[in-house]
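Structure record follows, encoded as structure tokens.
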Amino acid sequence: MRVLTRFMLSAADARQFPAAGAPEIAFLGRSNVGKSSLINAIVGSKIAKTSSTPGRTQTINFFEIRRPGKPRPDWIFADLPGYGYARVPKELTAEWPKFIDPYLHERPTLALCVSIVDVSVPPQKKDLELLNWLRHVGRPFVVVGTKIDRVSGNQLRNNLLKLKEELLVEEVVPFSAKGTTGHNELWKKIFEAAGTDAPATAG
């Protein structure tokens, strides 16, 4: 789906969050899981910076996303810092900047959390911890599996099944940042969660 994008700001503190407006879609995932590549793929432009250094981003980056012809943004995309890269095991929230918790817990316009997992590796404890926390605070989420191009067909099906079992979810949306697999499905989830009038085909 063609959209117009605009970088808003990078927030390193809760006081820097933009004023609540359009429905917000938060993108979360372990460091180096392909989060920025996913965001860039669905909007069709390189708005989210990719880094070869996992865990480098320590701000929430906000972007306006607008369909052509719309006077105001349809959504705000929030690119959150990656988690789970610390060498020493810690609690999930201890690895994130302190402002992440109030954003996920208190942000009034947060419509959907996109939890991004790597299908080419076994299910990770940190991903389950995140989903359990989102369940606890009542935030709607969808789990999206990236890096499907690294896994063969049969292995992909097995890995997706194992992810569903380990993460206690009914669906993991397989997604390719290099192709188009999963793009329509993810846009559909965003439209539904945000209450946006969807076109006949989202992508």
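Note that Cβ sites are derived from N, Cα and C of the backbone, with glycine treated the same way.
So that you can see what the record holds, here are the features copied from Swiss-Prot:
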- 21-196: domain 'EngB-type G' (DOMAIN)
- 29-36, 55-59, 79-82, 146-149, 175-177: GTP binding site (BINDING)
- SER36, THR57: Mg(2+) binding site (BINDING)
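According to its DSSP assignment, GLY29 (GTP binding site) is in a strand.
When the binding-site residues GLY29, PRO81 are compared by the number of other CB atoms within 10 angstroms of each CB, PRO81 has the fewest.
For LYS35 (GTP binding site), the same-chain residues 6+ apart in sequence whose C-beta sits under 8 angstroms from its C-beta are PHE27, LEU28, GLY29, ALA48, ASP79, GLY82, ILE116, THR146. Per-residue confidence over the domain 'EngB-type G' (21-196) averages 88 (mean pLDDT, predicted model).
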